[in-house]
Amino acid sequence: MTKAPIAGNRTGRKLGQRVKNKKMKASSRQWLQRHINDPYVQRAQLEGYRARAAFKLLEIDEKHHILRGAKRIIDLGAAPGSWSQIAAKVTGSTDEDIRVAAIDFLEMAQLPGVKILQLDFLDPTAPEKLLEAVGGTPDLVISDMAAPTTGHHRTDHLRTMHLCEVAAQFAVEVLGEGGHFLTKTFQGGTERELLAMLKQNFRQVVHVKPNASRAESVEMFLLAKGFKGRKVEGDAEKA
């Protein structure tokens, strides 16, 4: 996730205002103007969320109810922390009773009730550290991870899909029965193996593109609901 201010409109500009800076490149000026005029950016600042991405999760939850009843949540690719803010609120997580663990290789400002790990999720030690940090079996694993873009669509898609696959495997290994998994992906085809694995392990698998995702963006989300649980060794042998 792209880093953003913690809260407040630090631009001092009103919605619809143009950006004037002769030294700034046209592309940068265009991006900044779009950012300033984005209604979700304005809402995030007004409501105290660290990023507009908060409304993607809230919109998905409004339709699919993945946050309801969640007691422990793991947030992958968490910076700057808007999803973790929501997770801490719905779980009632506090510094004395941590119920949310967040991980990102980017630095992330501290959040009440959230254990933050500044670490690459692909690090072999990450899964164990996340489980230890969250203090129990998670009901929900959410991932807004995306590989740094190269400008080559196919390469970017493949690199992000790899993160999706690793996150999905992690979710299957740690979720409690009935838990849910949400991950960012890019339009351009979800790998068959990933979909097959999710459908084998979850009761429902759907693609979602919330309104808060920019219309021109190839971003969408893959939601797997109702984890079926892990087979014990004896069950696998009988099958």
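A Cβ is built for glycine as well, from the same backbone N, Cα and C atoms used for every other residue.
The S-adenosyl-L-methionine site recorded in Swiss-Prot comprises GLY81, TRP83, ASP120, ASP144 together with one of ASP97, ASP104, namely ASP104. Looking up the ranges 1-20, 201-220 in Swiss-Prot, the one annotated as region 'Disordered' turns out to be 1-20. Fewest Cβ neighbours within 10 Å among the binding-site residues ASP104, ASP120, ASP144: that distinction goes to ASP120. The two recorded residues ASP104 (S-adenosyl-L-methionine binding site) and LYS184 (active site, proton acceptor) have their Cα atoms spaced 15 Å from each other.
A separation of roughly 15 Å, to the nearest angstrom, links the Cα atoms of GLY81 (S-adenosyl-L-methionine binding site) and LYS184 (active site, proton acceptor). Between the CA atoms of ASP120 (S-adenosyl-L-methionine binding site) and LYS184 (active site, proton acceptor) there is a gap of 17 Å. In the three-state DSSP reading, TRP83 (S-adenosyl-L-methionine binding site) counts as helix.
Long-range C-beta contacts of TRP83 (S-adenosyl-L-methionine binding site), restricted to its own chain and to partners at least six residues apart, with a cutoff below 8 Å, comprise ALA53, ALA54, LEU57, ASP75, ILE142, ASP144.
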